[in-house]
Amino acid sequence: MTRRPGFLVYGLLAAFVVGSAAPFYWSFLLGSHTAQVAAQGVPPLLPGGHFLDNASRVMDTVPFWKALGNSVLVSSVCATSTVVFGTLAGYAFAKLRFRGRSALLAGVVATMAVPTQLGIVPLFIVMSKLGWTGTTWSIIVPTLVTAFGVFFMRQYLVDAVPDELIEAARMDGCSQIRVVWHVVAPAARPAAAILWLFTFMATWTDFFWPFIALPADNPTVQVALNQLQSGFFKDYSLVLTGATLATVPLLILFVLTGRQLVAGIMQGAVKG
Amino acid sequence: MSQRTLDPAGARDGEAIASPPRAGRPPGPAPAAPRPWRERRAAWDARLAPYLYVSPFFLVFAVVGAFPLVYTAYVSVHDWSLLGGKGDFVGFQNYRDVWANPYFSKHVVNTLSIFVLSSVPQVVVAVVLAGLLDNQLRGRTWWRMSILLPFVVSPVAVAIIFGSVFGDRYGLLNELLGTVGIGPIAWHTDRLASHVAIATMVNWRWTGFNALIFLAAMQAVPRDLYESAALDGASRVRQFLAITLPMIRPTMIFVVITSTIGGLQIFAEPRLFDETTARNGGSDRQFGTITMLVYDFGWQLRDLGRASATAWMLFVLIMLIALVNLVLMKRIGSLAGER
């Protein structure tokens, strides 16, 4: 509708944005002061000069670089494989006719409702049997492909690839896998990018399972943050420096791809 | 999309169109020997490919989804130690033990309380926020990105940041409240206050995300509905209540159900908020959640049998609440529709 928003609308939105951004500043602010200043409540509202000191204390306390490397590895592998397998399965569900298709698709949808926490005990038992606990494998394998990924790609591909194009390619003797490579993959690219981003972020921020599976010397960023926080004496400047450092990579990703994320959320909402 | 798609197959596409479709194949004078083999291969390809494509998902799902569901039930009816492995079959003893545990009901109530405090205000604020964004704003994309900003902060980091904002002694919030004469609130020790603090973390991270989902639903509402309502003299608030809200009801159901599944599993926020050494949800378990109890049973008391029993009870609870939400939302919707 053609509404001209007034100051009230902008004012309320601006207040909300301030509320969204303030905790970022608070985190950086405490991280930029010494432990003594941070321990005494609200510090001066301008950043101090101790962020780098605190950052190097973080590196001394937990294996931060190792954690960062692990998180980058786990998140990008999971995101990439979810996109590949999600696209394959999504294409099969969207465009191919095969026995049991609708039952299997219903299975995928039902899976989305099964909470991860429910399977945590068997997951641990299986991973122990395989000897994978403590390794990043135990984090990667369970999220190689998700029900959400399959469903998301299916919803997109139903409309994005015209049936005629697939038929034409088949008629010309294209094998199924070449159809996927030459017809489906290019059409899937916008949705694939969005799925990659969301899977990357979800894996990066995941805590419960990595926390159980990974030891102190081989953590992800979230597990390392948890270690920082569990010291007996609580050093806010240290912990919040860690929280800031852990957030920076995703913040950079957000600045680069925020538009796609917004579009992805809004698209998923209409289709899902 | 178009060029890259057509490029490799382009030449052959041309052929297919030039010769009448299908005609080329059966009566064609092609060499007789290789054709049946190729056709058979193509037929197998067409038949098997779908299964091949969906199999990775179902393989992973079998290992981390379906199998655990059944296996959790299996573990839950046995004595099962974290280190010693499987023991005797004990029937429903683990369930009875968990049920009788004084912490169990406390953790259930905490989980529900935190869930209500996080979901209800969140949906309300997200809908209002979406209503604000559903205007002809200057810098539309910028506003949308800004409200999504909290989504990049992990629950662990959110808990750390808000843990210091909600500090009992020198926290930012208590200092602010102090300036207007409100005494310090014991955010970490008072039961309800701790729930509010934890719910605030969830709300901060997810409200913008949900607002964007609602915004998408609002933009799908046909604009002429508003025009005719405006002609009838309906105010904007009235239009919002009478048109927008009923039209986005399916989306609200979707958001409420997904936040039920996620919200009832809450773990990182209360655990990181805890400053006691045991970190089981406060000195008196005033903000311990069900998932924390699963962890407590399984990895601190090293009793996977009880951990599994607790996990199954959590699953049943989630399904129940999701069902109640679904019925409730439909009921509310039909009442609004009758008016």
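The backbone N, Cα and C atoms fix where each Cβ goes, and this holds for glycine too.
Annotated features in TrEMBL:
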COMPBIAS  B:23-34  compositional bias 'Pro residues'
DOMAIN    B:108-325  domain 'ABC transmembrane type-1'
REGION    B:1-36  region 'Disordered'
TRANSMEM  B:48-74  transmembrane segment
TRANSMEM  B:112-133  transmembrane segment
TRANSMEM  B:145-166  transmembrane segment
TRANSMEM  B:206-226  transmembrane segment
TRANSMEM  B:247-268  transmembrane segment
TRANSMEM  B:309-329  transmembrane segment
Surrounding residues of the transmembrane segment (B:247-268) on its own chain - C-beta under 8 Å, 6+ positions past either end: 111-112, 114-115, 118-119, 122-123, 126-127, 154-156, 159, 198, 202, 206, 210, 213-214, 216-218, 220-221, 225, 289-292, 295, 314, 317-318, 321-322, 325-326, 329-330, 333
Sequence-distant residues near the transmembrane segment (B:112-133) by C-beta distance (under 8 Å, 6 or more away from its ends) are 140, 143-144, 147, 192, 195-196, 198-199, 202-203, 206-208, 210-215, 217-218, 240, 244-245, 248, 252, 255-256, 259-260, 263-264, 266, 270, 287, 289, 321
So which of B:145-166, B:206-226, B:309-329 has the most C-beta pairs under 8 Å when paired with the transmembrane segment (B:48-74)? B:309-329
Sequence-distant contacts of the transmembrane segment (B:145-166), meaning Cβ under 8 Å and at least 6 residues beyond its ends, amount to 129, 133, 172-174, 187-188, 197, 200-201, 204-209, 211-212, 268-273, 275
